[in-house]
Amino acid sequence: MEEKAGLGRLQNQQDEPAQDPHQRAGPRATFHSDRNHPNKEAEAMEGQNPACSRHASSHSIQPQASKPKKHRNYLDGAAVDDLKSLWDRLQTLQQSLTNMPYAEGLKPLKNFASFEELLSMGGDSLLNDLLDIQDSITQCCMKVSKYLNKDGSCASLNYYKQPFIAAVYGPTGCGKSQLLRNLMSAQLIVPAPETVFFITPQVDMIPPQEIAAWETQICEGNFLAGPENTVVPQSGSIMPKFVQMSYAELTNEANYDVTNPTNVFARAASKGPLAIVMDECMEDLGGNRGIAKFFHAFPSKLLDRFPKCTGYSVIVVLHNMNPRRDQGGNIANLKIQAKMHIISPKVHPSQLNRFINIYTKGQPTAISLLLKDIFNYHRLNTNFDWIVYNTEPIDNCMHWLYLSPDEGLIPMYLNIQAKVYQAMERIHRTITDRQRWTRYYHSKKK
């Protein structure tokens, strides 16, 4: 009977110690199979006898891994700090949405009166959802930090993405020419161009003062401060070239063929990176002569043929975001191929609103209205600030950026603002559900 009862036990259990404390215990049983066990009817450890059905042992060799709880029932100090950080962001966004003039048609969201009320009345489900949102915000901030400078500004506009096609929108007097030079001198376009082609309808349209400013600032952008009061060039050229061209010279058929020895762009690309800046050419762009190949086909051929040409940039200045005249389709192709849309807040609000409605379809309505309010604020209170939309950002936090002469290029973190607004909606839904069930309870009680 004892032998049958011991079939379900483990064979490596230690023998009971002897009564004498100085006496050693008997030998431990070893792991074995049926062939070398003194009792041939004993069962093996690995369950090699499937025909014999028995109940599983209550003591398993390896304990099962404990499953994590779906919700935590208590909040530690770190969790409270995370909730407080999210609560501060939430309060700031809620106040901004309430005070902005575009909030008339926006549905007001219910919220707790204080952070203490949120902790005491929120409930485990709500608090854990808010902690998940805060964790995703923290991960977004950590992910984008490696692309930023120590002061939080962006190190570049394109981060070596090629080709770099940008459209600049702004009325007369908003500082477009100064912006173009600042992009070169501030080294926001990498790699720094060794040759800059400045395209205007006529060559004599550029005053000597502006030519001197261009030559000075592109030279400034080619150097960085080095050790012991030295400067380090950022390209293979000590002095970058500034080349003036008319729009007619740009559209010369020879300049489209990269194999043509007279192609000015091919000769420049054989030495290093280049940039093409088109200013005051909006009327010519709207004509019949198509130059869309400069935005897509020509860059790939140039970059493949000349290894030294590690950068190809085209920056086109437009006075109107939606021009009526575009016979050659140049402006339409430019908007499609452009990776950057640099917009002055001085642009007419109707054009701005149309652009925002198109490029913020994936965002909540409140975030789109917030972006319109930001444009409106800078239109009324600043002069030379710009807002940038990046179609292919290196990080989602950089879809929308703010460019200031004082602060540099700063991400606007609209994706994080959307997450904060998601937390506001979650709190609103919880409070609304509780109020609905309270009304239902009182109606049944009567």
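Keep in mind that glycine also has a Cβ here, set from the backbone N, Cα and C atoms.
Noted in Swiss-Prot for the protein shown:
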- 1-71: region 'Disordered' (REGION)
- 31-43: compositional bias 'Basic and acidic residues' (COMPBIAS)
- G170, P171, T172, G173, C174, G175, K176, S177: ATP binding site (BINDING)
- 439-446: region 'DNA-binding' (REGION)
Indicate the candidate from G170, P171, G173, G175 with the smallest number of other Cβ atoms within 10 Å of its Cβ, considering only these binding-site residues.
G173
The DSSP breakdown of the region 'DNA-binding' (439-446) into helix, strand and coil residues is 7 helix, 0 strand, 1 coil
Using the recorded ATP site (G170, P171, T172, G173, C174, G175, K176, S177) as reference, state which further residues of the same chain have their Cβ within 8 Å of the centre of those residues' Cβ atoms, listed in sequence order.
S344, K346
Set of same-chain residues at least 6 away whose C-beta sits under 8 angstroms from T172 (ATP binding site)
H319
I'd like the number of other C-beta atoms within 10 A of the C-beta of C174 (ATP binding site), please.
20
Of K176, S177, which of the binding-site residues has the most Cβ neighbours inside 10 Å?
K176
When pLDDT is averaged across the region 'DNA-binding' (439-446), the result is 82
